[in-house]
């Protein structure tokens, strides 16, 4: 089979189905609203900017100051010319904030997850991962020479059984703090205890917990009262920017600096971005009011949709999935909301398990109660018309 025939075959399998992915050009977004290239304006219920920090004037001004001081790029890997005082200060601030020896900056959460697993695991080792872990974690685990075992979602007993069965040299337990498609929290305290009993390390990707959960927004692990050996803090959600950091002890940080290809051979984030992240961290630490308001929005939304004829997952976070199941019906609902001025994107397999197509509704502090009330009214209207 030629390359062209292969590509055509695979594309035709998906074309004209709800599974066909297409990027849409956004002309402007301020968190609450987004405007497409055609000029249409929508209330945005699909973004991850949970605290609205991407629009915060202090953060915007910090990026501008950083660009004026350092330029718009780092110019190289952190091991060559790309590690500036701005990077160093941000790493130290993150480590102090979260109670670790070190923080290492990566260009994205995907890169951080891939880098940790690719660097640490060898053939005699085992990765014990939650079945619903993010694609970045699962891809890294599959590509790793280590054995991969998956435990039932958020099941501490299933994790314990897997660890009992493994005879690996070293074991790494992998989970998310808040799961990106379900919005539920991992039982981190139980998982940490089980991991310690088996001398396994625990790795927590807290992309959707950092900034919005725990004291000062310190995240899922702080809220659960644990300190995993490896904590991934990403900056594309509550921080409102992009990039990530791996929090760990001194020896582990030195190991990554020596052996992590994702760290060594990647151009580091722009120094101006590090300056902006420092400003975002200051906002996050002080924004208890924003976190409290977000919880109020979550409660209001859940109460309003509780009687809908769909499955509302038991999430108490900003991620509120409505499980529709049927892919065509899910797309019809998303299209209906878009016609009414609401941007709520449908999520399909393989991003989520089979037969669990859903609307992944995300709430942010940029929303008003009136926005959510109208969304609730539209959802009820759709199901009343399409019983």
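In case you wondered, yes, glycine gets a Cβ from its N, Cα and C as well.
Among the candidates 21, 23, 32, the residue that Swiss-Prot names alongside 134, 351 for the substrate site is 21. Swiss-Prot annotates 109, 110, 208, 234 as pyridoxal 5'-phosphate-binding residues; of 180, 260, 266, the candidate listed for that same site is 180. Cβ neighbours within 10 Å of residue 208 (pyridoxal 5'-phosphate binding site), excluding its own Cβ and spanning all shown chains: 28. In the three-state DSSP scheme, residue 351 (substrate binding site) is classed as coil. Taking the Cβ of residue 351 (substrate binding site) as reference, residues of its chain lying under 8 Å away and at least six apart in sequence are, in sequence order, 135, 181. Shown are the recorded positions 21, 134, 237; of these, the residue with the fewest other Cβ atoms within 10 Å is 21. Annotation for residue 109 (pyridoxal 5'-phosphate binding site): same-chain Cβ neighbours under 8 Å, separated by at least 6 residues, are 136, 205, 207, 232, 234, 235, 236, 243, 244. Taking Cβ-Cβ distances under 8 Å and a sequence separation of 6 or more, the neighbours of residue 180 (pyridoxal 5'-phosphate binding site) in its chain are 134, 207, 208, 319.
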